[in-house]
Amino acid sequence: MNLKILGIDPGSRNCGYAIIEANKGKNILIEAGLIKIKPSTLQYQITELCEGLDLIFKNHSFDEVAIEDIFFAYNPKTVLKLAQFRGALSLKILQIHGDFAEYTPLQVKKAVTGKAKATKEQVAFMVKRLLGLSKDIKPLDITDAIAVALTHAANLRVRV
């Protein structure tokens, strides 16, 4: 059974997204990109993020949605801002799609590379390899989103 999965890597400057089709252990990248968030007031940035997500859902339907949880940051302002973006994304996904899966950065790294402490570059290398792509995927926000989708696909196979 083919499953269309949306993976999301939330960020305060860019939000990576990836759409994969998963079928019996074979994953195909359908689309990947960024929701670019321009420097502005927090309210405008959140609006921009939600509008970008609306557009993705308008152009595609999904069986599953997975999002990466926010990472630990040392700057409290950064944590608060990311938490607000994450909250807005969560609400938007719940309104449009319903339930979604959440994975920590360590879970994603472990699922894709086998190492919970892998670097972003190691994740990018494995994403490229797992999908059989010839070109590097840039920026790393996009590879992270693909990794989230791949993690969810692997998790679904384990549960089935």
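Positions of Cβ are set from backbone N, Cα and C atoms, glycine also.
According to Swiss-Prot, the protein carries these features:
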type	residues	note
BINDING	Asp9, Asp141	Mg(2+) 1 binding site
ACT_SITE	Asp9	active site
BINDING	Glu68	Mg(2+) 2 binding site
ACT_SITE	Glu68	active site
ACT_SITE	Asp141	active site
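Here the features listed in Swiss-Prot are painted onto the structure.
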residue : record                : CB count, 10 Å
Asp9    : Mg(2+) 1 binding site : 24
Glu68   : Mg(2+) 2 binding site : 23
Asp141  : Mg(2+) 1 binding site : 23
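DSSP assigns Asp141 (Mg(2+) 1 binding site) to a helical segment in the three-state reduction. Taking CA atoms as the reference points, Asp9 (Mg(2+) 1 binding site) and Glu68 (Mg(2+) 2 binding site) are 5 Å apart.
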